[in-house]
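A quick write-up on the structure given underneath.
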Amino acid sequence: MYNLRNRSFLNLLDFTSKDIKYLLDLSIDLKKSKYAGIEVQKLKGKNIVIIFEKDSTRTRCAFEIAAYDQGANITYLGPKGNQIGVKESMKDTARVLGRMYDAIGFRGFSQETVECLANYSNVPVYNGLTDISHPTQILADLMTIKEHKGSLKGIKIVFCGDGRGNIANSLLKGCAIMGLDFRIFAPKELFPDSNLTLKAKSLALKSGGKITITDSKEEAVKCADVVYTDVWVSMGEESNWEDRINLLKLYQVNKELMCMAKDDAIFMHCLPAFHDLSTVVGRDIFDKYGLDGIEVTEEIFESKNSVVFDVAENRVHAIKAVMVSTLG
């Protein structure tokens, strides 16, 4: 049986198209098994710890449900529930937890931190998000595209917004490896790192994919099968709202933009999304700037084209596939 036993899941560039296809197929199979009530628990007796430097709803729940479904025990260490970096270094923490647990999940700031965990724990480590990478999210994204479009090859997907963020960067890697036609629609100031773009274009050349980085809406969005966006300001950057809005307001996903994509184009977002006035941030932005939504309008978020909650659910199945393939 093809598997990834004992491997960490830190960066999509560590994996081949065959590896990722295996994980996607396994994700879909695990989802079908759960819905049919015939899921086989392959992680009984396993212990998994998840370390979160950033609070989370979807990522924490996805890790916990994935573990519970497969019979594993899980421990959550939140931003205030441990001594990491205060009384004990991450290097020492990794060696301690590696003696107690079979795998470690991490959600935080630095990619170097999750790599330190992997280097010193001697158990599989799963990257639930860092400032530059979000590989489990992209697995869920690709799974969702495959479910709705039937295939990945040649699918045209456009990311609108900050081309330097962890979602755009991770999509760039994943789409290049898997042969999609990926475009980033962003202001020039927020284009992704040039070295990463060159790497992605090289991978796309081998996979039959295509990479386009542009500030032209027509070039990016025309005939797209998938339109994707993310929040314009990440946690801890709230003071930057005004600058970001001025820079990105022309890159909002709205009816005008969606009309340039295919009629059956799907809209995707990793969540949380600022699309209405029901959050403190959404109301504050509306009061200050009068925007109908921020990165996406309510009309598009709630439209029949929106698959954002399919993506959210698929986080569980994608993370479960990573756990099963590395520990099962």
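Just so it is clear, glycine is given a Cβ too, placed from its N, Cα and C backbone atoms.
Feature annotation from Swiss-Prot assigns carbamoyl phosphate binding site to Ser56, Thr57, Arg58, Thr59, Gln83, Arg107, His134, Pro135, Thr136, Gln137, Cys270, Leu271, Arg315; the stated evidence is sequence analysis. Taking Cβ-Cβ distances under 8 Å and a sequence gap of 6 or more within the same chain, the neighbours of His134 (carbamoyl phosphate binding site) are Asn127, Gly128, Asn166, Ile167, Ser170, Cys270.
For Asp230 (L-ornithine binding site), the same-chain residues lying six or more positions away in sequence with a CB closer than 8 A to its CB are Phe159, Gly161, Asp162, Gly165, Ile167, Ala168, His269, Cys270, Glu295. Residues annotated as L-ornithine binding site in Swiss-Prot, with sequence analysis given as evidence: Asn166, Asp230, Ser234, Met235.
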(request) Pick the one among the binding-site residues Ser56, Thr136, Asn166, Arg315 whose Cβ has the fewest other Cβ atoms within 10 Å in this structure. (result) Ser56
(request) Give the number of CB atoms, excluding that of Cys270 (carbamoyl phosphate binding site) itself, located within 10 Å of its CB. (result) 25
(message) Can you tell me how many other Cβ atoms are located within 10 Å of the Cβ belonging to Arg58 (carbamoyl phosphate binding site)?
(response) 18
